[in-house]
Amino acid sequence: MDLAWYAVLGLFFASYLVLAGYDYGVGLLLARGVGPAGRREALTALGPFFLGNEVWLVAAVGILFGAFPLLEGELLAGCYPAVVGALVGVILVTVGVQLRSRPDDERIRARWDRVVVIGSALAALGWGALLAALLQGVPLQADGHVAGVTHLATPFAAAAGLAMVTLVAVHGATFLTVRLSAEAAAVVGRTARRLVPVALTAVALATVVGLLSARVRDAVQRPAVAVLLPVLLVAALLAARAALTRQRPGWALVATGAALALPVLLVGAALWPYVLVSTTDPDASLRVADAAASAPTLRLLGWVALPLLPALLGFQAMCWWVFRGRTDGRAPVYW
Amino acid sequence: MDTLLLARLQFATTTSIHFLFVIVTLGLVTLLVGMQTAWVLTGNPKWERLTRYWGQLYVINYVLGIATGIVMEFQFGLNWSGLSRYVGNVFGAPLAIETLVAFFLESTFLGMWIFGWHRLGKGVHLALLWGVAITAYASAFWIMVANSWLQNPVGYEVRDGIAHLTDFGALLTNPSLGMAFGHVVSAALLVGGMLMAAVSAGHLIRRTPDFALFRTSLRIGLVTAALAITMVQGFGFAQFGPVGAVQPTKFGGDGPESQALIAEWTTRFGPGDYTPPVLASVGLGFMILIGFTLGCVWLLLPLLFRDWVIRLRFPLWLILLALPLPFIAVILGWISREVGRQPWVAYGLLPTEQAVSPVSAPLMLTSLIGFSLLLGTLAVTNWVLLARHARRGAADPALGRPPAPPSEPAHPEPALL
């Protein structure tokens with residue numbers, strides 16, 4: 001039961017990174033100097049999907065609270081700066097994208113777009129650092145609380161945050177390659193291809209820094225998984241580049257999406273059966289089973305979620321289907 | 001300043017801002033459903049224009065509701081980790097259900113509704129708005145289930161100091177829930193109706209074009225506000241019974257029940273000050289005063305006959321000037337409900353000081369200042385944008401604007417005003 005809920009939690013958080021990941025990628029790419037029309041075109045490509053993407057985060061945190069209350073409190077409070085950074089980023093992006101076109105003045109819109117760029121970078125940095133914090137262990141004490149927040153300040157957390165920024169940038173550029181009109185897509189497709197080596201370098205750097213970190217080596221319970229999944233991530237990025245070169249942006253988007261989902265799988269699988277590994281007191285480490293809510297709560301949530309999941313996925317799929325294809329002059333413009 | 005006080009201030013700030021926006025969301029979406037349904041049924045373009053104009057204000061207002069809502073959800077874990085540690089098994093369930101059943105779908109539907117004009121069939125497009133409204137009410141319901149559990153914890157047993165769920169049905173039949181839910185929903189309708197009436201009054205005072213349009217929304221707003229204020233009063237006074245029974249200390253009650261409860265807490269938790277701050281009763285008093293004042297909206301209804309409300313002009317000014325009142329009242333009501341629960345986070349079960357996260361005071365202070373500035377700035381910006389769009393009128397809102405005709409060069413940017 002707890003494994004199933006742990007998988008559902010991972011599914012929702014990974015889906016959030018995959019879906020909102022291209023929001024943040026598109027957000028970062030607003031900084032690439034394409035002028036007001038180009039920026040608006042990029043936001044129109046996000047259009048109807050934008051609101052449906054960030055709700056995966058809200059649902060993931062809801063599941064975290066309902067099914068893993070102990071983890072929710074200790075993880076968020078114990079990694080306060082990373083969570084707040086990501087949260088501020090999420091807020092800036094959601095407000096910036098939705099409000100930027102309400103004033104008519106292009107200068108004010110450009111200012112809002114800078115807010116979106118900063119927010120996108122913060123969100124990616126924060127989530128990357130949070131995943132790194134899990135992988136490098138936290139100073140969990142015998143009383144069950146995480147001591148302080150300075151444990152976050154490591155080269156590995158910084159490298160993972162940067163890697164996440166490059167991953168969402170590649171993902172966002174690939175998304176635009178799928179969605180923009182053919183001529184604009186060709187330009188942004190070249191950007192996407194050029195960003196792949198940058199992301200590869202950042203991922204390789206994070207992996208090396210992680211392997212060199214004694215904390216990461218101690219915290220990881222399954223070294224084979226921890227080595228295999230970064231290799232898969234690199235393979236996904238190479239596949240994305242190959243697909244972009246062959247003018248198959250749809251497949252490239254699948255590959256960059258996989259690259260954003262893999263870090264979540266990596267953290268979940270490499271630490272199993274633990275979710276918070278203590279760096280100070282091995283006995284204080286928190287197992288997934290101990291972090292989970294008690295059986296009646298999980299049963300209740302199961303009865304609610306099981307019939308609901310098809311509806312949630314179905315309505316999201318409806319949104320993707322209705323608004324599929326490239327944007328053109330007749331695409332609805334609102335953001 | 002200690003961490004506890006800072007964490008409470010942060011929660012109060014975030015929740016107050018959140019409440020000011022979501023209460024408008026809930027009220028306006030109800031009226032929008034009526035307008036768009038009327039458009040689909042009658043085909044009268046007036047209803048389409050009304051839906052677009054008020055829909056645009058609704059969508060702008062929605063932005064801050066989401067932003068502050070996300071902050072609130074994270075704040076439970078960031079600042080109140082004791083809440084999830086000790087009572088998360090029970091309190092977390094309705095919150096998790098709310099995110100899955102309600103919020104997830106609400107936002108998904110709204111995204112499709114905003115971009116679905118001229119793209120989806122009229123029926124499907126209307127169904128999406130119904131979906132947004134139903135999930136918004138579901139959202140309010142589950143949040144009130146969670147909040148009512150903090151007011152009056154039920155359906156649990158404590159083992160090893162941690163509350164475990166025993167009877168989920170008890171959470172749904174909680175005496176703290178029913179009348180309070182009715183009260184909040186009616187308050188949302190009141191706010192939505194008053195907002196609609198006041199914005200329309202502004203246009204009618206300035207004699208802008210679209211007289212017919214704003215005449216209609218003035219009438220809808222006033223009738224809604226009048227019906228809603230009566231429901232607000234009814235559900236409000238109906239709460240005194242159940243609240244007095246389950247939370248005798250709430251409004252500084254000094255009766256035998258209250259004294260017995262405090263004696264029991266003193267034996268179980270040690271001596272302490274178990275009476276809530278006086279702010280709870282003050283908030284309640286002023287809220288009731290505002291509630292009676294707003295009841296005067298009934299006096300304006302006869303003036304709808306032959307448009308006397310517009311021709312006399314001074315009633316329009318009254319409506320416009322009364323707009324802040326319902327907003328002040330909902331904040332006061334919220335303060336009296338939440339402050340009246342102190343010193344407990346879960347009444348009689350978990351003291352507030354045990355729920356706060358073991359975070360250092362400087363970090364909590366930084367977070368408080370940072371989030372207050374961020375959300376405060378965004379809230380003011382949002383209100384300015386709302387006011388500008390309300391003032392601009394219904395000539396051509398961006399929401400639901402038809403796409404450029406195909407003869408134009410392929411360019412996604414429509415002609416701007």
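Note that the numbers count up from 1, one per residue, in the order the chain is shown.
Just so you know, glycine gets a Cβ as well, placed from its N, Cα and C.
As written in TrEMBL, here are the features:
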type	residues	note
COMPBIAS	B:400-409	compositional bias 'Pro residues'
REGION	B:396-417	region 'Disordered'
TRANSMEM	B:20-41	transmembrane segment
TRANSMEM	B:53-71	transmembrane segment
TRANSMEM	B:91-115	transmembrane segment
TRANSMEM	B:127-150	transmembrane segment
TRANSMEM	B:180-205	transmembrane segment
TRANSMEM	B:217-238	transmembrane segment
TRANSMEM	B:278-304	transmembrane segment
TRANSMEM	B:316-335	transmembrane segment
TRANSMEM	B:363-385	transmembrane segment
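Only residues 6 or more beyond the boundaries of the transmembrane segment (B:316-335), in the same chain, are considered here, and those with a CB under 8 A from a CB of the stretch are 12, 15-16, 19-20, 23, 183, 187, 190-191, 194-195, 197-198, 201-202, 204-205, 218, 222, 236, 279-280, 283-284, 286-287, 290-291, 293-294, 300, 309-310.
Contact counts against the transmembrane segment (B:20-41), taken as Cβ pairs under 8 Å, peak for B:53-71 among the stretches B:53-71, B:91-115, B:217-238, B:278-304, B:363-385. Against the transmembrane segment (B:91-115), the recorded stretches B:127-150, B:180-205, B:278-304 differ in Cβ pairs under 8 Å, and the greatest number is found for B:127-150. Sequence-distant contacts of the transmembrane segment (B:127-150) (same chain, at least 6 residues past either end, Cβ-Cβ under 8 Å): 22, 25-26, 29-30, 32-33, 36, 90-91, 94-95, 97-98, 101-103, 105-106, 109-110, 112-113, 116, 120, 171-172, 174, 176-177, 180-181, 184-185, 188, 337, 341, 345-347.
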